Structures are given as structure tokens and as C-alpha cells.
């Protein structure tokens, strides 16, 4: 059969590209080894050093478990900080104070020396749902589906792909050679290479199927209040609550407004209220201690006064009750003064709650409708007598997010200020990570100074595989922390938006650092761009030859092993948190302050960062599951241990988070990138080893191209929705009548006010019973109105989109 002119042209072009890259008919493996003769990364050690690395990592894991067991029982309840956290800091503690506290004692006392270890297996999803929230259930369900997927992938990789690779005879017959287990062991004319591409397609469909089953199992419960509340930006800063209510009554007479809350800058007031609360707890602690002992306690409140062993001038001791009483009075004065200033700091935003969801939906559609007039398209909502005064044409209207999802202190940062801050942070982050993307650059720098030369002759797997993979894991844990904290500094309006952007940034960064650049033999983004665009570089001709080096897969197998044992062990120990916790306990000036530190040490679980970390390792596993099938069972071990550690941490360590469903669906989309990268890896292998004209290369290329086209069509144009794994269920309230009755009932507290300020409002109401009947969500004559630091926490993208419009 005569080849078509198109294929001949394509082949000639492919040959020229391969020649430009310095690739011959067959890669020169010895050259790759010789080019790194002074390096500690690529060495032909026994079976890639995997047995030695596995033994060391398992030993380290057992040691970390032992250390954590000791610390958990001896050091300030470090292993159960969520259980001893402040009882009224989160709604779950209020809800479970009478039912779950005894259950916690059962876990601590009934199970022997390591109750936390067996508690991981005894915990039921109902307990986790009640204690940790539905987001934790969705997260753990996602992990379970990944576990079942990897069980199937491991079975197919070990029972089908591995024997096929071992049947080749291209590499050494040594049974201790790791390269015999990889795809590099097959001859270029072996028809079994087709099997790898077919199984890669099967893995793609398996991933879509498992993810679709996961999203179908999600029953997302929408809060009644959130579904009836709209968030409005673009209000004049001098707008009044009564004017906004009148506008909706006149423009939408069929829609009944239940409440309107204007937004104010209450960041400082929130801080003062938290400090006052800590002071009151310390005062109560020493008051109760005096009642119990009959003696007044002396403290040294000066900086580092707890280290003073004797009383000298400037380091005098004073009565604890008198000190905290004085601090409480001072904070109350500052709070009262700040309350007066709050009314002068409106944010131009408001929450509007309606009687029914249909009313809120109708108004939202009216504001977002696009009415085209000639060549100009603009939306004009229904007018009222206050439309001109309120500039309704400039409003941006969206559904409100859950009040627990709002980052209250960030609401005052909006518009141009928010964008400038975002650009500055991310530009600085990019510059910093441009040259320090991977730990490989550290190894290269060490090699330049001949640091590794004395141990080069040892050819020890501990040196050549354990330390590089441990270093890779260490940097993959450290450097994303920089991305994590940079996201916190961006001042997002919602925790959901913060977590989703954090997940995307950390995931992309980790994939480059852990998978793409090490696979290409590159050391940082600097070298990546030089290799990509600098055609005259002498380094460009040697990079791609080392992509599918026989022992290259061993490096990633060892990385997965390190993540499974050392990574999960360190995540259980949480060494940075332990260091911070220890430092805060040492620096606490009094016993009451140490009690406050213990009760305020727990933080919300960062689903964004945890999703990104787990999906990075999952992507590495899937990307090499065909070319290096040995990685699959170790990946399964990683996910199993990760699931156990996360169950423990969610229940005992972290506070619950209330996020939007978008964070969980974004994780599903990122999981689909793993089998697609596996197809890319097979295509690169076929292109480099077989050539573009090879049937297996053409078939793999067509599959990759078709997959990309389907993804683009679904993402950009909404096609192939039946193929999408995103198919979740929304639970409706049991009774609409109950919802209507609930809408007319006065809530126990103002929903769109920070919890700490809401408690202050309750105190004022208790002190002034005559005002209780007059209290409304947006009133500015009481604390809930003076501090309505309410600002809708939009969805991840919505909050960012609305922010610049407030400039």
C-alpha cells in the first residue's frame, strides 16, 4: 500500500523536528547516564533502589507513628485540638455539646494505648457528617472512588501491562533490572505496544465512570436562607436600607422583601471583639481559680514576663483579676468607639432576603437579562422612583453564599485595590518560583560544587534514590506552602473562592515541579522556557533523550513511596503546626493564655490545598501507570494511607468548613487530567521511539486529539454533557410550607453578620429588652446594624468578578 503524500510530508517534518532536537533513530541511554555522571539522581542501581527506599520509608513511617502517639498524649492535647477547641467558636460544638462529648470520651478511654488509631476504623460516615459537615463527606467519598479506581488500575497494570513489558528483550536480562518492567523494554516493532494505548483509553473511561458515580452520589443540601438571598454590589455608599426596600417594593410588587442588610467595614471590630472574648475567658478562669483556692493569683503580663524568676524593676507582678478586668474595660471602650466609626465605612454592598426562592430567582433573571438595542446590548431592570438615586443600572446581582463561607475581614478590599494586590502578589510569586521550581536545581547546584563526588563511587541506592526523592517530596511540601500563603494574602471574599483558586494554583505548580519538569530532565521554569524557545541552546538537544530512560520511572515510584509513608506520616504529625503550637504555648504569658491558645489552635480544613496535593500524586500514578506499571500498587497504598490520615485529621484536628459545591467539582475535573496526561506520555514515547509515521503513534495522536476536542467542546460550548462526570443531586426542603413559616419566623440571630459580632449583638439585646422587638437584620441602631460587616461571599469566580466593579 502506497503511503499518502500527506503522511510523507508529515514524516519528513517529524524527522526534521527530531533532528533539531538532536534525536537519532534510537535514544542513547548511555549518553544520558554520562551527561549526569556527577549527579546523584540518575544511576543504574539495583531495581532502581526501590527495595531500599521502601524499607527506609516504612521504617520512617513507623517511627513517625510512634512519635505522634507520644506527642498526642503528652503535649497539650496536640492530637485532638479540634475536640478541645473553643466550645462556642463553631456551630458544630453548639449542636453536639450534649450528644457527642460523651462519644469523644469513649474514643479516648475505651480503646487502650492508641485510641486514635482504632478510632479511624470505628468512625462512621454519619459521625463524620454530624461533626465535620457535608464537605468532609464529599471529600472522603472522592478518595474512596479514587481508591476503587486504583484497585482496578493496579490489577490491570500488574496482570496485563507488566507481563507484556517483561516479555521484551531490549534491555538487560538481569532480573534485578528495573528497566525490564517498563515500556522501554519492548522493541519498536513489537505489536504489543498497541496494548498500552488501548489500556490508556480504558483508564480514561474508567476515570470518567468512577468520577461520574462520585458526583451522582453527592446530595448537595442548599440552605433555605441562601436560596432566598441576593447579593448586590454597585450600590451608592450613602444608600439607606429603607430606600433599597422601597425600590424592590415598587419595582417588584409581587416579591416580598423579608430583610435588607447593608455592608460595612468591620475588620477591626471583629479583631477587637475576639480579643475581648479572650480577655473575658481569662478573667473567668482566674475568678473561678480564686473561688476554688481562696487565693488571688499573681502574674507578670510584661512581654516574656513568664520567664522572669524574680521581681525586679520593670518586671513587677500584679493581680491577675485586676489585670484582666482592666484589659476588658479598655477593650470595651475601643469597641464602643469603633462601633461609632463603622457607620462611616459603608462598602456599597447589600444582602436582600426574600420570602421565597422563586422571588429571588425572578429578580436575578431580570437583572442579568440582556436586552439588545441595535448594536448595543445592555440590561435595564424594572425601574422605580428610587432607580436613579440607587444607580440600579450599575448593580451586579448574584445569589448569596452561605454566611459561614464569608471571609469577613476581606470585604473592604475590593475594586482596583484588590486587583493591584492580586497582580503584585502573583507577579512576585512567579518571579520567585521561576528559578526555584524544582528541587532538581538544588541537586544540580550541589553537583557543580562536587558535593556529591566523594559518594559518587558508592553507587548506593540510599544516595541515588532515597535522598533525591525525599528532597523532591520535601520541596513539593514546602514550595506549595508559599503558593498557599500567597493565596491567603489575595484577600478573597469567600472561603470557597479562596480554596478553589488555591487548589488550581497549587495543582498546576505541583504538576510542573513533580511530574513535567523532572520527566523532561529540566530543573526549573527558567530552563524549561530556555529549552522551549532557545533553539541555539546546547542543552536543547539532550533533554528529550532522557525522558523515557529505563530507570527514570524508578524516580517517580520512589516519590510515590515517599509520599505514601513519609508524606502521610508527616501529615499526621503536622510538624510545622507542632512547632507553631509549641512556640505559642511557650510565649503565652499566663496559664489562662495557654488555655486560650489550646482552644484556638484548631483551623478549618484546607480542602483546596489537600485536593491539589492528593491529585498531584494521583496524576503521577496515572501518568506512569502504563509506561511503568510498578507504580500503580504503591499509588494504591498512598491513597489508602491518605484516606486513613484524613479521616483522623478531619475528626480530631480540623474544624468544619462550609464551602460551595464548586470546589468538589473542580477536583473531579482535575482528576480527569490524570489519564489524559497518561495518553500524552504514551504519545511522547511513541514519537521519540517509534517515529511519527508509526501506526501506534498515529493512533495515540488521534486519541489525544479527540480527547482534547471533546474537553474543549464540553468546557467552552456545553456539548457532550452526557459524557460529563458532573451530575449531582440537590436536596429540596422537606416541606415548602415549613420553609414559608420559617421565613416569617424571626431567626435566633442575624445570619449575615460575623458570628463574633452576632454574640455581641445578643448581649446588647439582653441588656436592652425593650429593643428586642425592634431588632432587624439591617438595623443600624443596634450592634447588628452598626457592624453589618455582611458582604456576600460569592462563588469563587463571582466574588473576584464583582470586586473590580466596586472600584
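Cβ from N, Cα, C; glycine included.
Both residue 491 and residue 692 carry topological domain labels in Swiss-Prot, but the labels differ, so the record puts them on opposite sides of the membrane. Among 410, 450, the residue that Swiss-Prot annotates as N-linked glycosylation site is 450. Annotated by Swiss-Prot as transmembrane segment, the relevant range among 361-388, 417-444, 725-752 is 417-444. Checking the ranges 3-35, 102-134, 135-167 against Swiss-Prot, the transmembrane segment annotation falls on 135-167. Remote same-chain residues near the transmembrane segment (135-167) are listed as 125, 128-129, 180-183, 185-186, 192, 195-196, 199, 202-203, 206-207, 210-211, 213-214, 217-218, 605, 607, 610-611, 614, 618, 621-622, 625-626, 629-630, 632-633, 635-636, 639-640, 642-643, 646-647, 650, 656-659, 661, 663-664, 667-668, 671 (criterion: CB distance under 8 Å, separation of at least six residues from the stretch ends).
The transmembrane segment (192-217) is not in contact with the transmembrane segment (629-651), judged by fewer than 3 CB-CB distances under 8 Å for residue pairs 6 or more apart in sequence.
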